[in-house]
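Listed in TrEMBL:
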| type | residues | note |
| --- | --- | --- |
| SIGNAL | 1-21 | signal peptide |
| COILED | 41-75 | coiled coil |
| REGION | 119-148 | region 'Disordered' |
| DOMAIN | 261-355 | domain 'M23ase beta-sheet core' |
Amino acid sequence: MFTLPSWVQPLLLTLASGAVAWAVINAQSVTQQKTTISSLRTQTNEDKQRFLNEKQQMQAQLAQQQQALNELTEKQLMLQSLVDALPSSLVEPLNEAENAPTQTPTDNTDVHLEQLDDPQQTTEQVNSDSLLPNQSEVSQGEQQRDFGTQAQRLASHQQQLLSLISDNIQNRAATLSSGLAEVGIAPKHNSALAQGGPYHQLELEELPQDYLNAIDNLVTLNNLEQVITTLPDSMPVAKDDYYISSQFGFRKDPITGRRAYHKGVDLAGWHKTEIIAPAAGTIVRAGRNGGYGKFIEIEHEHGLVSRFGHLHTIKVKKGQQIKKSEVIALMGSTGRSTSTHLHYEVLQNGKHINPIKLTKVINRVQ
C-alpha cells in the first residue's frame with residue numbers, strides 16, 4: 001500500500017480546503033451577480049412599464065386636447081360664417097366684437113401641443129422621445145391646467161360672441177316682423193324662385209344646439225330682409241312733385257258728399273307729372289278701368305299688388321317687366337276725378353293696405 005509522505009498530507013489538505021473555499025466564494029459571486037441581474041431586469045421592466053403608462057396617459061391627454069382644439073376651431077369657423085352671412089343692417093353693431101383679439105389655447109403650452117398645430121398630424125405620429133418627462137419643463141399637471149384655462153377662456157369668448165350675434169339676429173327679426181305685421185303684410189318665406197348653386201353639406205354633428213338655433217334664426221332674418229327690399233318703400237311720385245289731397249280710409253266722397261271708404265291715397269300734382277314704379281314687378285293690367293280712368297296694375301312679390309288710377313298717359317304694356325323707379329305713366333284726371341291727381345292703392349293677397357303707412361314702416365325698419 002502506497003503511503004504519502006507526512007509532509008504531503010498537510011499540503012494536500014490545505015490545497016483541498018483552498019479549492020473548497022474558492023468554489024464557495026465563486027458560487028456566492030455568481031449568485032450575487034444573478035441576483036443583481038435579476039434586480040436590474042426587474043427595475044428595467046418597471047421603468048419600461050412606467051414609461052409606457054406615462055406615454056399612454058400623455059397620449060390620452062393629447063387626444064383630449066386635440067379634440068378640444070377641433071371643437072374650438074369648428075365653432076370659430078361657424079362664428080365667422082355667421083358674421084359673413086349677416087345682413088348689412090347688422091354688420092356695424094358687430095364690427096367691434098368681430099375684430100376683438102382672440103387668444104389661442106396653445107400660446108404657452110409645451111412642445112407636445114405645438115406638434116399638434118398641424119391638423120394632419122395625429123397623436124400616434126408624435127415622436128416617442130418628446131413624450132419623455134423633462135424636469136426642466138413645467139409639470140404635466142400644470143401644462144394640462146394651463147391648456148384648460150386658455151381653452152375655457154376662448155370658449156367663453158366664443159359663447160359671448162355667439163350670444164351677441166344671436167341677440168342681434170333675433171332683435172332685428174322681431175323688428176322686421178313687427179313692422180310687416182303693423183301694415184298687414186304676411187311674407188311668404190323660403191321661396192326657391194331664382195335660386196341655385198352647388199350643394200355644400202354643412203358639418204353640424206359636433207355643434208351645440210345654440211349654434212344650430214343661430215343658423216336657423218339667421219335664415220329667417222335673411223328671408224325677412226329680402227322681403228323688405230322687394231316692398232314699395234317710396235311713393236310713386238317724386239317727393240317734391242305732389243301733396244296728399246286725400247288720405248287712406250274713411251272720408252266724405254268728393255263727388256256725392258256721402259260717407260265713403262277710400263281704399264288708397266290721392267297724390268295731387270302738376271298735369272303730366274311722372275308716375276314711377278314703387279317696386280319691381282310685372283304689369284298685369286294697363287288700360288281703361290271704369291271710375292279709375294286710365295289704369296295700371298302691377299304685381300309684385302309676396303302677393304303685393306299696386307294700382308294707379310286717373311292717368312293721363314300709360315307708358316307700359318300688359319306683361320311687361322318693370323324695375324323700381326321706372327316711369328310707368330303721367331299724372332292726369334281721367335275717370336271719376338275732380339282734378340289732376342294720382343289715385344294709388346296697395347293690396348296684399350287682395351286686402352287693401354295704407355300705402356303711406358307701408359312706406360313709413362319700411363323706411364323705419366330698413
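Cβ from N, Cα, C; glycine included.
Note that TrEMBL annotation is computational and uncurated.
Regional average pLDDT for the domain 'M23ase beta-sheet core' (261-355) in the model is 96. The domain 'M23ase beta-sheet core' (261-355): residue composition by secondary structure is 4 helix, 53 strand, 38 coil, according to DSSP.
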